[in-house]
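From TrEMBL, for reference:
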{"type": "TRANSMEM", "residues": "B:12-36", "note": "transmembrane segment"}
{"type": "TRANSMEM", "residues": "B:77-100", "note": "transmembrane segment"}
{"type": "TRANSMEM", "residues": "B:137-157", "note": "transmembrane segment"}
{"type": "TRANSMEM", "residues": "B:163-181", "note": "transmembrane segment"}
{"type": "TRANSMEM", "residues": "B:214-232", "note": "transmembrane segment"}
Amino acid sequence: MESTNFVLKFLEWLMSFEPKALILSASAIGAGFAMIAGIGPGIGQGYAAGKGAEAVSRNPKSQRETTMVMLLGAAVAETSGILALVVALIMLFGNPLVDLKGAALIIMASAIGAGLSMIAGIGPGVGQGYAAGKGTEAVGKRPKLQSQIVRTMLVGQAVAQTTGIYALVISLVLLFANPLIKL
Amino acid sequence: MGVDGFGPRVAFYIGNIAVTETVTVTWFIMFLLLVFSVAVTRNMKKEASGLQLVVEQIVGMINNLTKQNMGEKNIAFAPYVGTLLLLIGISNIIGLFGFRPPTADLNTTMCLSITTFVLTQFFGMKSKGLGGYGKGFLEPIPFLLPLNIIGELANPISLGFRLFGNITAGVIIMTLLYGALGAFTDTLLGLTVPLLQAGVPAVLHIYFDLFAGLLQSFIFTMLTMVFISGAME
């Protein structure tokens, strides 16, 4: 009777490939996973754009200030998307895992994990976009306070980025200074 | 392109110590700032004109920024704030001139953030007294002590990595873009002149070097001020 333990069968099937092929395919999956983080900036910037349109419709005279704040906030909200892009590009063009010596399975899982970790970027993306939207709305109401509003918005957005930065740290550790291989 | 494809190149060796591009570019920036400071403050007149007027504007702006964020009584921090702003700002945009930004190296950014961390703790202790400083970690309930300590230690890490991550992202993307454009001009157009590299990257340079660079230097300085004045209250 054939074994029905599919996990075991899957692992056996995986081990029938060359280590290099395994690591490269895992990097491909990881790079794809990393880009899921793009959901966050997308939602956030969309919110900011919506708030911008709303603010201009209420107070057309402040269109210039409002648009400026909207673009500034949206550009900051883009950060987690860019960090995810960087991790994906490192895996595609400068993959440090290929030359590593060690259990192929661990290196492979690290590649996927490095990509998965970047998904955390959804949070900062949405949050920063929300802040950008609120900032835009506030400037639409009181264009004269633009510089104060922008300053507070930027500092708040920088703090909202923190979890995304931690995700980047873990991702870079998995890629460049993997502690699991030496265990 | 290997691991060191994106890292700073080693410029030269002193004995066994490798001196990287980060260090040499930092020296260059230090030299620029020093020469600039000496040149503009040598012949100061009561009636400001020309360059002196510009510098007075910058100093006034930094003083104002410090006053607004740290309060009138902490105006003594203005020189540190101004130095941070100028050093990080110039470091970030020096990529425009073909140098590798020193802030794209974790050593530089962590150094700066650890400086902020030490200042934060020192002035927290100084203004609240050792007892008050220690008590701050037991609030709102003593049970949260470990969380408060982790939270305090996480600040310099996120501060340093925020600057490093943003600038390195720009460096990596620009490196790859120049590589790709070079390959395009070679294979598609069959030219040996770097035609596509000349105009196409300009927009991305504006975003990654000018916008992100200046923004991140501003954010680092603002957060430093917020942390220090927060610890003192």
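Cβ from N, Cα, C; glycine included.
Neighbours and distances for these, please.
Below 8 angstroms of C-beta separation, residues 8-9, 21-22, 25-26, 28-29, 32-33, 58-59, 62-63, 65-66, 70, 108, 112, 119, 163, 167, 170-171, 174, 205, 208-210, 212-214, 216-218, 220-221, 224-225, 228 of the same chain, each at least six residues beyond the ends of the transmembrane segment (B:77-100), sit close to that stretch.
Within the chain, the transmembrane segment (B:163-181) has long-range Cβ neighbours (under 8 A, six or more residues past its boundaries) at 1, 5-6, 88, 92, 95, 100-101, 103-106, 109-110, 112-113, 194, 196-197, 200-201, 204-205, 208-209, 212-213, 216, 220.
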For the transmembrane segment (B:214-232), what are the same-chain contacts with Cβ under 8 Å, counting residues 6+ beyond its ends?
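Residues 65-66, 69-71, 74, 77, 81, 84-85, 88-89, 91-93, 103, 112-113, 116, 119-121, 123-124, 127-128, 155, 159, 162-163, 166-167.
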I need to check the long-range neighbours of the transmembrane segment (B:12-36): which residues 6 or more away from its ends have a CB within less than 8 Å of a CB in the stretch?
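For the transmembrane segment (B:12-36), the far contacts come to 86-87, 90-91, 94, 99-102, 104-105, 107-108.
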